[in-house]
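Peer 1: Before I ask anything, let me first share the structure, which is written out below as structure tokens.
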Ligand code: SF4
């Protein structure tokens, strides 16, 4: 008699399902907030980023609020929303392109025409000039970047206006302008070149910043970077300036500059609430990189203790973390790299491998489902997704798509020309600065 071994059940890539199991008591895992099991519309009227990793961060007073989502979307089941989204997309055809960030929930990503990081998705949007509408399932600064790179007649839509980014919001344009003025008091004329042909300071902003910050950088001879090209961009900046002002993410700036050999003591932090950012004039004179006091609350959750626990439980584990993690975590990991790097590193592993990954849980869980030959888990044992990515729910996606079917454009994101023009200059400098290899493309979703 032949014994048939049942195939292992496919892994469920849905973080939403896992959170609901935790809240229902059928999973022993832990979540950072049981409110995550509710629909995000429960938080549309409340100030704050909502439940998840950023819930302790301070939201700016003027941050956009989402209006009430119609009841029929709030009441619809997962299956009904799935069917409504598919039907609306089929009706719209090539008139719409749906972009899904790596950190989006599975129930949204499955409807995306392209899946990638913010810059890959902005490029994907630019590659579809025939689309009348670009629905960006990501956060606010990503929709702004897509608007910068897409055609003037294309509407970029953010399904939930409350999907900001707590890290991007930590670099407020007024605070950055004030910082620039204070630096001019220390360094003198910020546009004057010295005997070596260098200006005193070059501003560099991470892609994860508002269009206003990108515009500021463009106006002041600076440049944008991504987590994939931060080193190339810093080399570009050091070829033009004595030092760099890097915002908003202190960790990406510190980890990248440290890997380039810049001593940590030459990287003071700029706290916008303190005179001279909390440094002395001497410290600013000695500085090579001035780090804005910003961070990502998702990646700040990863710790050296979690890495030690992973190594103890899984000898030989390969630990890969995102460079938005604190320096001690990057130092303790085996590798650090962007979401695209992490995805490709796992795809390239030919032998069954145990991976402990330090990045957003939706991506980690999806990678685990895509690569059942490997053991892949999130370094953080507490299920705590990005609060702001979480604000995009299939209910909002169905609402904006059905709106388009009815001729209504909900939640259009438009960057004014006086900001967009210099912001594009900063982005173009980044494109010119990158190494000759072609930019990584967003991967086209076959589903
Ligand atoms: S993961 Fe961090 S940087 Fe990315 S959108 Fe969320 S808060 Fe912002």
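Keep in mind that glycine also has a Cβ here, set from the backbone N, Cα and C atoms.
Remember, TrEMBL labels are computer predictions, not curated facts.
Quick caveat, the model's predicted, so the values are computed rather than measured.
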Peer 1: Given that TrEMBL lists 101, 118, 206, 207, 208, 322, 323, 324, 339 as binding iminosuccinate, which residue among 127, 227 does it place in the same site?
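Peer 2: Candidate listed by TrEMBL for the same site: 227.
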Peer 1: Looking at TrEMBL, which one out of 165, 179, 225 binds [4Fe-4S] cluster in the same site as 296, 386?
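Peer 2: Answer, per TrEMBL ([4Fe-4S] cluster site with 296, 386), from 165, 179, 225: 165.
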Peer 1: Tell me the coarse DSSP state (helix, strand, coil) of residue 165 ([4Fe-4S] cluster binding site).
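Peer 2: Once the DSSP labels are grouped into three classes, residue 165 ([4Fe-4S] cluster binding site) ends up as coil.
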Peer 1: If you measure from the CA of residue 324 (iminosuccinate binding site) out to 10 Å, which binding-site residues from the list 165, 296, 386 are inside that radius?
Peer 2: 296
Peer 1: What is the nearest of the binding-site residues 101, 206, 208, 322 to residue 165 ([4Fe-4S] cluster binding site), using the Cα of each?
Peer 2: 208
Peer 1: I'd like the number of other C-beta atoms within 10 A of the C-beta of residue 101 (iminosuccinate binding site), please.
Peer 2: 29
